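What Swiss-Prot says about this one:
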type	residues	note
COMPBIAS	502-515	compositional bias 'Low complexity'
CARBOHYD	Asn124	N-linked glycosylation site
CARBOHYD	Asn259	N-linked glycosylation site
CARBOHYD	Asn421	N-linked glycosylation site
CARBOHYD	Asn528	N-linked glycosylation site
REGION	469-525	region 'Disordered'
TOPO_DOM	1-209	topological domain 'Nuclear'
TOPO_DOM	231-296	topological domain 'Perinuclear space'
TOPO_DOM	318-321	topological domain 'Nuclear'
TOPO_DOM	343-352	topological domain 'Perinuclear space'
TOPO_DOM	374-625	topological domain 'Nuclear'
TOPO_DOM	647-651	topological domain 'Perinuclear space'
TRANSMEM	210-230	transmembrane segment
TRANSMEM	297-317	transmembrane segment
TRANSMEM	322-342	transmembrane segment
TRANSMEM	353-373	transmembrane segment
TRANSMEM	626-646	transmembrane segment
Amino acid sequence: MEALNQILIEYPPLVVGGVGATAVAAGGALIYRIATRKKPTHLQVNCWFCNQDTVVPYGNRNCWDCPYCEQYNGFQENGDYNKPIPAQYMEHLNHGVSAGVPETPKTLQWVNCQMLLCKKCNNNQTLKIKQLASFIPREDENYDEEIEVYKHHLEQTYKLCRPCQTAVEYYIKHQNRQLRALLFNHQLRRTRDADKAFIKNTYSLSTPAWLILLRILTFLACAFLVAVALSGYVDESPSVTQTLSGGVVPPKRVLQNENESKTDEGSLMWDDLMGLLPEKAVENARLFWQSGSDHQMAVASVGLLTCITGVLMAGPVRLRRIDAVASVLWLLVICFYLAECYLKTDVPSWLEMVKFGITSVCCLVGFAAAVATRKSTSQRRARGRRYLSGGSPGEFFCNHGPLLSAPVSESSTFIPTPPPNLSQLLIRQQSQRTRKASPSSLPGRLNRALSLGTIPSLARADSGFLFSGSRPSSQCKDSPPSDYYSLKSGSRPSSPGPSPTPSVAGSVTSTSSSARQRRPLISPARLNISGQKLRLFSSPLEPFSLASPPPFLSEHNPMHSRGFLPDVPHFHLQNHGSVIDEGSVFEHLEKPMGSSSSSSNCHVDTTTGNNIESKPGWKGFLGMTLWPGLLFASLTINLSFICIYVYYNWR
């Protein structure tokens, strides 16, 4: 050990060279760890059909079979499958599924104990579906255009009668309220689960053992420097008191004698304690103490290097403010020791005091950094806020979820309940002879949202049948059924009836320029509930009057406090201001509620992740830039001082 101390005294550049070599080794280890980072072997994905999560290999993230519904999940950018599936067009490859017929619940029995549609309309709907399923186009390249025109032709041929149209619209409006309550409850539950998962993932980061060991070594190095400084003050205190004893005031000699007696008692206790230890251990401890006292600059350099290595190896995920503060304090300690090395004998007393204070603070910060290895797992208490009309409703629902819970069952299956007063509504609607055409009917919007395969481009549904895009029944009463090939060619019907709706005529010309690709009639079903695109839920609120009811129900429902109940006997005359505007929840919430909430034009693998984009505030930006910048500045200044020291010693 003495030979090593002699070599270090004669060749001080070796200390700096060792520090530089250690820094290079730590940087190389960090670069090697980043370069050899392994990719994930497995990935959690979400089924597009049943909305169930499962774990698949990373290479099969876009081509896998769901273990729950046995459906293949692998899509291209245009929404089609990324491989051919023969079972879609070959009947012998499909296997039948048999199940017992469930008993019809009592809630599905109507008030008048009859079906929703009459016998004639029910048969017409069956014929319409069969003819649409057996459609064969003239040209395969124009399949989309021909199926649109043929669907329009069937809708004009098989129309609903006036009472059935009234019953269907009333039932759809009632079911719309039930589904809206169910979707609200589902969205609130998913938001709460996502918040809990985010808090759990944020605060459950474990600290490695080697990182804790580096922080402990940093604290021990600083504690050793503080102990050496305190021992130096204790050794100098008798001489100071001896110079003061030459004064004239006698009481000071008495105080000095008392202090000397206390010091003697403390030294005796320390000697007794040291006598209990083995002599070899005491000798090694004294040798270590003497070596550290003679090379305090090396100890401080080791402490700084250990602190910076721990910060760099921890990574940006575990970067804390206390680590940045500790690195800055270590830099100040190194600066004071460098100043002492240059001043050598002419060291002022104030510099010693400042150095001791900085070293003590650095020791306390290092102890706090070594002890505080984990963050608190307690969740912050949610603060109640008042909802404003211009704000985002997602935050309001997160804090006030129980107040707006829908009174529907928590089961996954949804059983619609019959609308109230259906028989009275039918009698009232049969007595009316005028019909008010609504600008955008709800069946058309539901048909665009709940569709088997291709979403039609029809924007209006003013007639009395389930499919959208036809003329009102009052205007088409005298016109004969038109041939769908004449509609395809663009010719007008011979009768003086009105022309087809602009959406149908526009669909023939607008889709001709698009990419014509043959695709099956029944493609994977889509449920689009984003109110912004399809306008499934109307936003304006209009009062509903029972004194003069229109022949068909208005499309705008007043969303008041009783709108969530399954049975509503009558509507109030007042226009109640709802807690939220209809459709605003689905327009402002950018996060999809599940895989089935995405339309066909979504990109591939959009159903396997929930991306939440949020704009960080100025506090988050300050926290992300200030502390890494402070750490970088500390490291840069430290390397600059080391380079200057090496230059002046080797020159």
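A Cβ is built for glycine as well, from the same backbone N, Cα and C atoms used for every other residue.
The Cβ of Asn124 (N-linked glycosylation site) has Tyr158, Lys159, Leu160 as same-chain neighbours under 8 Å, each 6 or more residues away in sequence. Where the transmembrane segment (353-373) meets the stretches 210-230, 322-342, 626-646, the count of C-beta pairs under 8 angstroms peaks at 210-230. For the transmembrane segment (626-646), the list of distant contacts is 13, 16-17, 19-20, 304, 308, 311, 316, 319, 321, 323-324, 327-328, 331, 334-335, 338: same-chain residues at least six beyond its ends, Cβ to Cβ under 8 Å. With a cut-off of 8 Å between Cβ atoms, the residues of this chain six or more beyond the transmembrane segment (322-342) that come close are 218, 222, 225, 296-297, 300-301, 303-304, 307-308, 310-311, 314, 351, 354-355, 358-359, 361-362, 365-366, 368-369, 372, 627-628, 630-631, 634-635, 637-638, 641, 645. Residue counts for the topological domain 'Nuclear' (318-321) under DSSP (helix as H, G, I; strand as E, B; rest coil) come to 1 helix, 0 strand, 3 coil.
According to DSSP, Asn124 (N-linked glycosylation site) sits within a helical segment. Long-range neighbours of the topological domain 'Nuclear' (318-321) within the same chain, counting only residues 6 or more positions beyond its ends whose Cβ lies under 8 Å from a Cβ of the stretch, are 205, 207, 211, 311, 369, 627-628, 631. Per-residue confidence over the topological domain 'Perinuclear space' (231-296) averages out at a pLDDT of 61.
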